[in-house]
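Per TrEMBL, the feature domain 'Nitrite/Sulfite reductase ferredoxin-like' maps to A:61-126, A:312-375. Residues or ranges marked as domain 'Nitrite/sulphite reductase 4Fe-4S' in TrEMBL: A:135-287, A:393-530.
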Amino acid sequence: MAYVKQWAENEKLNKTEIAKLEKDGLKIIDDIPYYAENGFDSIPKEQWDLFKWAGLYLQRPKEDGYFMMRVNVPSGILTKPQVETLAGIAKDYGRGVFDITTRQAIQFHWLEIQQIPDIFKRLEAVGLSSAGACGDITRTIVGNPITGLDPDELFDTSAIVKEVYDYFQRNEDFSNLPRKYKLSISTNLKNASNAEINCASFTPAVKVIDGVEKKGFHLKVGGGLSARPYLAQTVDAFIDPERTLEVAIAVTTIFRDYGYREKRHLARLKFLIADWGVEKFKEKLEEFTGPLPSKGEEPVEEWNAGYFYGVHDQKQEGLKFLGFNVPVGRLDAEEVFELARISGKYGNGEIRTCNSQNLIIPNVPAEMVDELLAEPIFERVTINPNSFMGHAVSCTGIEYCNLALVETKERMRHVALELDNRIELDVPVRMHMVGCPNSCGQRQIADIGLQGMKVRNKEKQMIEAYEIYVGGTLNAGGQFNEKLKGKIPAEELNDVLVNLLQYFKAEKNAGESFFDFVQRVGIDTLQVQLDSILEPAAS
Amino acid sequence: MAYLYRFDVSIGEKNVIAVIYADDDEGAFQHLDVELEKFYLKEPDVNEITLREKKRIVKKSGFILDEDEKGW
């Protein structure tokens, strides 16, 4: 269905917008066979950005011609053939690197243009796609990774996620949005989909209508992190599950037609919502949907940040789902093949990815759990990770990212290993490490956020250093963490964190979370503590 | 690919924000030294230099330098 690009006559459009009017991002997919045939040098530089719509980014340094590819995994659900296909791509073309992202997608590195057509063919054969995984388009849809299995979800959202994802996939009516656009759909009561940091989120809700309690969704809009973070706000509306696609189309149409296109740095939906407010947004929404009932109740429990470690009952009698830790989200291709084999042997072959960069093997009969857990791979990909390793997140870092200033993935892994060796707590502490201010590793919502920088001292020695942020959460609507003053040299980071966490351990109440502790003692107290930790090092 | 780099420079008792154009991180630090030597009549007593952020140089790029609102 064609639509009128109402913004086309705007003389103040930014250059990316003008380029998008000349050539829709999805069209690059048609050009890729030619470029594959003729090599990387045949790709005009001005076309590089459009590769995002095909789910491809150039790795650093861009001129070397290696691509990162992101593959959509709506709601994190993968079948055995899909897992095997992804493992095969990582093995054959991606130097074995297989990353799970903070939106449940899969990323490969080191791909070359001549390999892309075969990769596309392999993905298509098993119903996967990288189209729209990057670029100004509806990205993969984050969902409850245990939907359909979850005894605590309000209702199964797998069919709804599929319906909405399929509608937007390669849909040229919605492939020219003002900026990236992230949806989540989940009725997990523990907010496993991190609703508040998506552009638009469908979250669990109940409402009594005509004397009958209905289960449905609330709609949160305008969230997003990056350098200017916003938390999504709840629209005063109750959405019948059967109308999810209709409402998702309406929200996306509003973003497409009313979102800002003059200034690219102000183009995310969050800026429109910040200007309009959710009341005006609801008025516009109802122009598309007709009147919507006002919102109901939110039957939410404590936020689980997408973590599902351990063996858990499914809603299906006698079946278990098992949540495993993938250290900083990275697997080797051979490990992925092995996980597929194990899932096929003990479960139904499915693997689910989590936005905590971890994975779940579902549908395992209770009597087979012990045998499954005895498989050697689960010594590393463990079901009961040490606390810090089990709650460590990192961005890609300097290894592949053009804008990162420091190493993050390996450093975060080493920090977590060391902390687990040196300190034991009665609550998990979620740590997120990022290599620049753009916060792809979701630094702002961490209990402890670590932001990297490069420092040269008086002796002209160059070191990597980190600043510490404390007290982020998505509980009760969410709160971003706050910075403590003081740069921590990378080599001192472990000791400083151990000291800070020992103070937490000594002063905390039994069972008190890190977030609650920060709220109780206050940032100033923690700053004094950090200053005293840093003093010996400085003197 | 060139970048625009944002630095914090600690000189004696004060902090200065510097913006440098360079091809890579090492080159940015080296050129910052040159600019510091050019700018100050007397060679500055630099305690520490911190690279905070870099941005790709496209046709337009820049940083806002605000003591109170540094954007990190």
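Quick reminder: no glycine exception, Cβ is built from N, Cα and C everywhere.
Most Cβ pairs under 8 Å to the domain 'Nitrite/sulphite reductase 4Fe-4S' (A:135-287), among the stretches A:61-126, A:312-375, A:393-530, belong to A:61-126. On the 0 to 100 pLDDT scale, the domain 'Nitrite/Sulfite reductase ferredoxin-like' (A:61-126) averages 97 in this prediction. When DSSP labels each residue, the domain 'Nitrite/Sulfite reductase ferredoxin-like' (A:61-126) comes out as 33 helix, 17 strand, 16 coil, counted as helix, strand and coil in that order. For the domain 'Nitrite/Sulfite reductase ferredoxin-like' (A:312-375), residue counts in helix, strand and coil come to 25 helix, 21 strand, 18 coil, using DSSP.
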